[in-house]
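Right, one structure below, let's go through it.
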Amino acid sequence: MLWTLPVCLLSLSFSAHIAAVSIQHLSTGHDHDDVDVGEQQKDISEINSAAGLNLFQGDILLPRTRNALRDPSSRWKLPIPYILADNLDLNAKGAILNAFEMFRLKSCVDFKPYEGESSYIIFQQFSGCWSMVGDQHVGQNISIGEGCDYKAIIEHEILHALGFFHEQSRTDRDDYVNIWWNEIMTDYEHNFNTYDDKTITDLNTPYDYESLMHYGPFSFNKNETIPTITTKIPEFNAIIGQRLDFSATDLTRLNRMYNCTRTHTLLDHCAFEKTNICGMIQGTRDDADWVHEDSSQPGQVDHTLVGRCKAAGYFMYFNTSSGVTGEVALLESRILYPKRKQQCLQFFYKMTGSPADRLLIWVRRDDNTGNVCQLAKIQTFQGDSDHNWKIAHVTLNEEKKFRYVFQGTKGDPGNSDGGIYLDDITLTETPCPTGVWTIRNISQVLENTVKGDRLVSPRFYNSEGYGFGVTLYPNGRITSNSGYLGLAFHLYSGDNDVILEWPVENRQAIMTILDQEPDARNRMSLSLMFTTSKYQTSSAINGSVIWDRPTKVGVYDKDCDCFRSIDWGWGQAISHQMLMRRNFLKDDTLIIFVDFKDLTHLRQTEVPIPSRSVIPRGLLLQGQEPLALGDSRIAMMEESLPRRLDQRQPSRPKRSVENTGPMEDHNWPQYFRDPCDPNPCQNEGTCVNVKGMASCRCVSGHAFFYTGERCQAMHVHGSLLGLLIGCITALIFLTFITFSNTYQKLRQ
C-alpha cells in the first residue's frame, strides 16, 4: 500500500450541490508519490519539428495547383463525409468527435460518416499534425499523430481543410506583429512568409491575435527562451498561439465562408440583456410574474457582467418575501424545434429567500394536435439561502416542438428576505456534463497554496457506475514551472465496483475548465482528455495498471470514506495569466466539468473505400497560379515527409486514402509522390491525381480526339468522318465525270 504524506487541512466553503473539499498541503521537498502527471501540451510546430517535418506553413500539405481560400470550388459541400482510420489512437477518435461537436455548436459546418462520396476526409495517425487546405475533390488526409489528440489542435487542422491558412500569413501581418528572422530555425523561414490578396482573403475581418490559426511566440525558434514572433501591442504576446478553442473572429470567418445563418446544436440562449427577454413569456395561469431587473441596486448583481457595468447586467427575479405561501410565477421559453433526441438546459441561479422556496423545471410538449400545452415536470431545486450564483444542468429528451418552463414557488414568505434569480440560460442539443465541480474564492486558493498543494473533487458516477473525480493543483506540481494550474483525473471506489469490469479500459476522461461566457458560441473553454489503457501503469503501485479497482491499487481518502487511485493528467494545464483572462474566474469562481465515457465502440471505425475511377469536377483548376512559395526547400506533396516517418505505424495492411486499390503496406516515399510528375499523358493530355493514381484527361477538338490510358490513340469525330467520306465520294464522282467528259471531247 502506498505511503501517504502528512497534510494539514484548510476548510473552504463551496456550492451546496457538491461535497466539502480541502486543500492538502504537502511537506516541503516531496512530490506526490502517487501521482503520474503528463507534460504541458505541446504546440503543432513543436510536434512537427520533432517529427522531422518541414511542411508548408508548418502543418499544411500543399498541392501544386490549389488556391484554396480564394477558389470557390474548394468549399466543401456540407455535411462533410469522414472516416476514422483504425491506425488512430482511441483517444484521438474521441477527441475528433468532440471537435465535430464544437463545429456543430458554433457554426453550420457538419460532418457525416463516409458513404461512398468522392470527396471526404480520412483522419489517420501519421507523424505530426497536418492537413491540406480546402476540398481537393478526392479523399484527403488529416494527420492526428502522437501528441496531436487535443480538441484545439484538431479544430486547427480541420479549419485548414475547410479552407483557412494561418493568421500571420495575412498581407497586413507586419502592421501587428514583429518577426525575428534571426531566431528562426534554418530552413524554416518560409513558415513566416506573407501572401497577397490574390492568394488568401481575410473575409473583411480585422487581424486576430486570439485566432486559433495564429502561431505561438516561440514557433520554430532556435533558442527555447527567445521568441520568433512578438506582437506590437505587448499585452497580446501571451495571447497569440492560444489552443483553447475558436476565437470570435475565427467563427465570423467560418460562418461567412460557408454562409451560415444558424448553428446545428444551439437551440436557445438568453442573458436577459434586452428588453424582449429573448422571446420568453410570462405564464397566464400563475399568481405573480418574474421581473426583469438590472444590477443597479445594492446586492443585486447579475451573472453575465457580475455588476461591472452601470445600467447593464440584467437578470430575471421572483420575489418570495411577500405574498402567500404556495404562490407561483411561470417564465416560459419560445417554442423550440429540436433535431436530436437529447438536450441540455444550462443556467445560473441563486435562491436568497426561504429554504422552503422552490425552483421547478417543466417542459410543455406538443400534445399531438399541434398545440404545445402538455406539461411534464423535469427537476426541482430547493432553496438554500445561498447568495452565490450557481450553475445548473437539466437533461431534456424532447423530439417534438416544446417550451421549457421555470416555475418559482414561494415557500415561506415570512422567513424570506430575498427571492429566486435566473441568468445566462443556454439550451444545446448535447449531453449535459456528468460531473460539475465549483470552486469558490479561487483567488484566495491561488494565493494560499504553493507548488504541490492540491484540491480533490467530490465523487461523481458515470452511467456505467464507475466512481471518479478530479484533482486540482492551483500552482502546479512541485516539478512544474511557476504560474501554472495543474489538472488530473482519478478513480474512486464506489457502490458498484463488485459488478464492474476491472481494469477499466477504453474510457475517455474529459476535463473542461469552463469559460463562463454567457453565449456558448463564444466560449473558449479548456478541454483536456485521455483514454484509459492497460498499458498505463505506475511503479508506485508495483507496476500495476492504474485503472484497476481502487480498493486494490488506490489509497484510502477519509474525505470520501473511499479509496482513490493515482492521478493522471497535466501538471501545467493552463497558465495563471490565461486563467485570469476571459471569464474562467467569473465572480471569483472556477467551474470544472468532468466526464468518463466508454469509447469501446470506436475501436474499429475504418470502412472500405471502393476502388473506382472518379473524375471529380473542379479538381483541375485551369488558369490558376500556384502559391508563390519562393523557396525550393518548402515541402510539397512529393517531398513533405522523411523516408522513415514513424516506427509506430501499423504493420498490418491498411487501405490508404490516396490509394484505394489493392490492400498494401504504406510506402511513404511513393505515398506522397506526385503520380503526374513527370506527365505520363501523350498528345498534350492533362494528368490529374485521382486517389494517388495518374488519370489522363485527353485533348478533344472539333475534328479529332484522343483516347486510351495515356491518350495514345487518335480518333476522328463521327460527324466529321461522315462528312469526309461524303466529300471524298463526291470528289471521286466529280473526278470520274470530269474524266469522262474530257475523254469524249478528245474522241470527237
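Even glycines carry a Cβ here, placed using N, Cα and C.
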Under Swiss-Prot's annotation, the disulfide partner of Cys260 is which of Cys108, Cys129, Cys432?
Cys108
Out of Cys260, Cys696, which of the disulfide-bonded residues has the smallest number of neighbouring Cβ atoms within 10 Å?
Cys260
Number of other Cβ atoms within 10 Å of the Cβ of Cys129 (disulfide bond) across all protein chains:
30
In the three-state scheme derived from DSSP, which category covers Cys696 (disulfide bond)?
strand
If I take the alpha carbons of Cys696 (disulfide bond) and Cys711 (disulfide bond), what is the distance between them in whole Å?
7
For Glu157 (active site), what is the secondary structure by DSSP, using just helix, strand and coil?
helix
CB contacts for Cys687 (disulfide bond) [other CB atoms within 10 A, all chains]:
20
